[in-house]
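Comments concern the structure below.
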Amino acid sequence: MPVLGSQRRLLGSLNCTPPATFSLTLAPNRTGPQCLEVSIPDGLFLSLGLVSLVENVLVVAAIAKNRNLHSPMYYFICCLAVSDLLVSVSNVLETAVMLLLEAGALAARAAVVQQLDNVIDVLICGSMVSSLCFLGAIAMDRYISIFYALRYHSVVTLPRAWRIIAAIWVASILTSLLFITYYNHTVVLLCLVGFFIAMLALMAILYVHMLARACQHARDIARLQKRQHPIHQGFGLKGAATLTILLGVFFLCWGPFFLHLSLIVLCPQHPTCGCIFKNFNLFLALIICNAIVDPLIYAFRSQELRKTLQEVLQCSW
């Protein structure tokens with residue numbers, strides 16, 4: 001991965017450095033201001049990855065079990081869970097290997113570790129791109145279901161949804177390979193940052209438009225039923241709060257990582273940017289947190305999916 005400063009790479013574990021513990025420190029910087037550096041222990045990475053892994057496996061299992069959930073919308077949610085699952089698997093795998101190398105329980109040559117590191121980087125990058133794409137696909141699906149409700153089933157068909165899903169996975173794999181191969185090229189980094197900004201703008205426009213339509217619909221109902229205006233205001237505030245949470249989580253979890261990529265291009269040698277580079281591990285942890293939050297926002301709010309999830313858990317016991 002193209003990072004500067006502190007970074008989680010398997011090759012660094014061959015030096016058998018002591019494992020990190022969670023801490024907030026002001027790292028001295030002789031050429032600039034003091035840097036606030038958040039140290040993330042490997043155990044925390046492992047714990048976050050395992051929680052995300054369990055959550056997203058349950059989402060995939062529930063959707064696979066219930067035939068009522070075999071629709072384009074839930075297929076997009078399932079693919080988002082698979083993307084987050086890959087983020088978790090790559091994180092757990094990398095952390096476990098790093099801990100084994102540091103403890104001396106695993107002996108490996110540098111060349112083998114380098115190849116494993118490259119594979120994990122491809123997994124991480126591909127899952128990040130696919131996760132962003134499926135978040136956009138879910139937003140588009142919801143938008144069409146609201147604004148083109150009568151034509152929804154003719155527009156969003158299963159064959160069309162499968163083609164979109166296949167295209168996203170192929171594009172994600174190709175993007176990750178290009179990113180890992182040409183990560184030191186400025187154009188590649190800028191394209192990734194531009195892709196994130198485009199996804200953020202797309203989601204913001206679609207969800208704001210959906211909120212406006214929902215508020216208009218609430219006004220129409222209130223007018224027909226001759227209700228008072230405060231009811232509409234309460235609905236609007238609730239919708240605005242939901243929208244703020246949805247977009248806020250997306251921006252807070254993904255924004256720092258892409259800010260990191262932007263600063264690599266804009267100011268790789270500046271002391272202030274160097275302070276931000278030191279917190280790369282924190283940015284990765286936030287992405288893993290997003291993989292934990294996604295099922296809560298997009299999957300577990302469905303009553304049908306929650307019911308199926310209870311059946312899956314009962315069967316497992």
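Cβ atoms here come from the backbone N, Cα and C positions, even for glycine.
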Same side of the membrane, Asn68 and Arg213, by Swiss-Prot annotation: yes
For the topological domain 'Extracellular' (184-191), sequence-distant contacts whose Cβ falls under 8 Å of one of its Cβ atoms, 6 or more beyond its ends: 2, 178, 261-262, 264-265
Residues of the parent chain within Cβ reach of the transmembrane segment (241-266), under 8 Å, 6 or more residues beyond its termini: 2-4, 132, 135, 186, 189-190, 192-193, 196-197, 200, 203-204, 207-208, 211, 273, 276-277, 279-280, 282-284, 286-287, 289-290, 293, 297
